[in-house]
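Taken from Swiss-Prot as is:
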ACT_SITE  SER121  active site, nucleophile
ACT_SITE  HIS146  active site
Amino acid sequence: MTFRAQMLDTLTSQSSRDLEAQALGLVPIVVETSGRGERSYDIYSRLLKERIVFLVGEVNDQTANLVVAQMLFLESENPDKDISFYINSPGGSVSAGMAIYDTMQFIKPDVSTLCMGLAASMGAFLLAAGAKGKRFALPNSRVMIHQPLGGARGQASDIEIQAREILYLKERLNHLLAHHTGQPVERIARDTDRDNFMSGDDAQAYGLVDQVAHKRP
């Protein structure tokens, strides 16, 4: 078995397990027939062959590792061909989301992002982090930005350490979001003070996406 086949088998198996758990086991299987016989894929792994990566559900270490692995694999396959990153996520862990973000900026292929359903919190941040001119939202999708959430427990000194960290993350995320949207940092800070929901058109006007996609071009 070639390295490519081994890598695809590994990603297929892992993505199948993760996405089946998210969808309560209701993941369609695609069967392809060739001269060498039949081969089955879960639908997400089949779409991976078309360079489509999904972020579905919460952003956590498990989903981030899966997304990062798929992006690195697709870069190794063809560093000059775009990757399509479809997002339907309420957000989640900042550190897990930053692992995806840094990978998007690190790899050679442009990453085109598309919001379907909801891109909230870290999901919205990753949506905005796509390649300029290649960030899309579907007409009835929703986008929500806000400041990072956190809860501090323990001794007073521990709470102080955690408070400094979340304030650092808030400032860092605000500056990165300002970079990707073209908005002043001061406006980002003001607009993310509370949950801020937007339509696709609002997200386009704000600079989170470049276009509301009604039909495939």
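From the backbone N, Cα and C atoms, a Cβ is placed for every residue, glycine too.
What you are looking at is a predicted structure, and each value in this text was computed from that prediction instead of being measured.
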Go through SER121, HIS146, our active-site residues, and report the one whose Cβ sees the most other Cβ atoms within 10 Å.
SER121
Quick one: Cα separation, SER121 (active site, nucleophile) versus the residue listed as 'active site', in Å?
6
